[in-house]
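Structure record follows, encoded as structure tokens.
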Amino acid sequence: MSTAIIVVGANGRMGKTISHLAATESAFSLAGLVDSREHVESLAGASCPVGDSLAAVLPKAPGAVAIDFTAPSVSLQSARAVAASGHALVIGTTGFTDAEKDELHELAKKAPIFWASNMSIGVNVLCKILPELTRALGDAYDIEMVELHHNRKKDSPSGTALTLGECLAEARGWQLNDVRCSARDGIIGERPKAQIGIQAIRGGDVVGVHTVYFMGPGERIEVTHQAHSRDTFAQGALRAAAWLVGQKPGKLYGMRDMF
């Protein structure tokens, strides 16, 4: 039996990719499309229900799983809608504030909700590998990260960089917010040992590149993940949607739960 998918932000780059895969892969079916009022008219003629909010489409798609790659304010509206209806929701949006994340955790007690800053399998394998590497190398190695994205990305550092940074900080027994440095300028003195640098580069149409540097006495180790297309993230989101069908409300699920 195929998993029915509602795509929120259907006119966006990720939305279009997810819609195409959901409509063409036998394991999935397209059950609804959602976009803002100024863009929803372009969805006219679709073979599934269309609306300018997830709340408007959910009653027409019982049992469907919504996938939302939009903006924090829109994704929160989607989460509130499924909390009221009982549908499941996969969120790939980044840039949430701490207060918004807290609300997601509360809403996840009422409906199955899955959130990840990066849906690629490779990045989530890195989250398992990097802590082991960090502990093996020890405190003699400084940790820095550089992330590259296209010139239309709105948040910085990327959600993926922050997720990887949290994995690295936890391995050192730190809280990322206490040790993160995202800008250096002027006479700032020596680099503190308890620090993880995360620098962002924006330009062109780069899908996403994250490189972690371990710099120690006389040597440097570089670990890089490079996304070649958005299909990587779309496939991961669809995989999460299929997995979420069998889950119950109670916690905000993530990639670690699925793996």
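Glycine too: its Cβ is placed from the backbone N, Cα and C atoms.
The following features are taken from Swiss-Prot:
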ACT_SITE  His149  active site, proton donor/acceptor
ACT_SITE  Lys153  active site, proton donor
BINDING   Gly9, Ala10, Asn11, Gly12, Arg13, Met14, Gly92, Thr93, Thr94, Ala116, Ser117, Asn118, Met119  NAD(+) binding site
BINDING   Arg37  NADP(+) binding site
BINDING   His150, Gly159, Thr160  (S)-2,3,4,5-tetrahydrodipicolinate binding site
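This view paints the features noted in Swiss-Prot onto the structure.
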residue: Gly9; record: NAD(+) binding site; Cβ contacts under 8 Å, 6 or more apart: Gly15, Val34, Asp35, Asp68, Phe69, Thr70, Val74
residue: Asn11; record: NAD(+) binding site; Cβ contacts under 8 Å, 6 or more apart: Asp35, His39, Ser42, Leu43
residue: Gly92; record: NAD(+) binding site; Cβ contacts under 8 Å, 6 or more apart: Met14, Ile67, Asp68, Phe69, Trp115, Ala116, Ser117, Met119, Phe233, Ala237
residue: Thr94; record: NAD(+) binding site; Cβ contacts under 8 Å, 6 or more apart: Ser117, Asp155, Ser158, Gly159, Thr160
residue: His149; record: active site, proton donor/acceptor; Cβ contacts under 8 Å, 6 or more apart: Ser158, Ala200, Ile201, Arg202, Val206, Val207, Gly208, Val209
residue: His150; record: (S)-2,3,4,5-tetrahydrodipicolinate binding site; Cβ contacts under 8 Å, 6 or more apart: Arg202, Gly203, Gly204, Asp205, Val206, Val207
residue: Lys153; record: active site, proton donor; Cβ contacts under 8 Å, 6 or more apart: Arg202
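Across the annotated binding residues for NAD(+) (Gly9, Ala10, Asn11, Gly12, Arg13, Met14, Gly92, Thr93, Thr94, Ala116, Ser117, Asn118, Met119), the two most widely spaced Cα atoms sit 21 Å apart. Taking a C-beta cut-off of under 8 Å and a sequence gap of six or more, Arg37 (NADP(+) binding site) has these contacts in its own chain: Asp52.
Just so you know, the Cβ of Ser117 (NAD(+) binding site) picks up 22 other Cβ atoms within 10 Å once every protein chain is counted. The C-beta environment of Arg13 (NAD(+) binding site), restricted to residues of the same chain at least 6 apart in sequence and closer than 8 Å, consists of Arg230. Its Cβ taken as reference, Gly159 ((S)-2,3,4,5-tetrahydrodipicolinate binding site) is surrounded by 18 other Cβ atoms within 10 Å in the chains shown.
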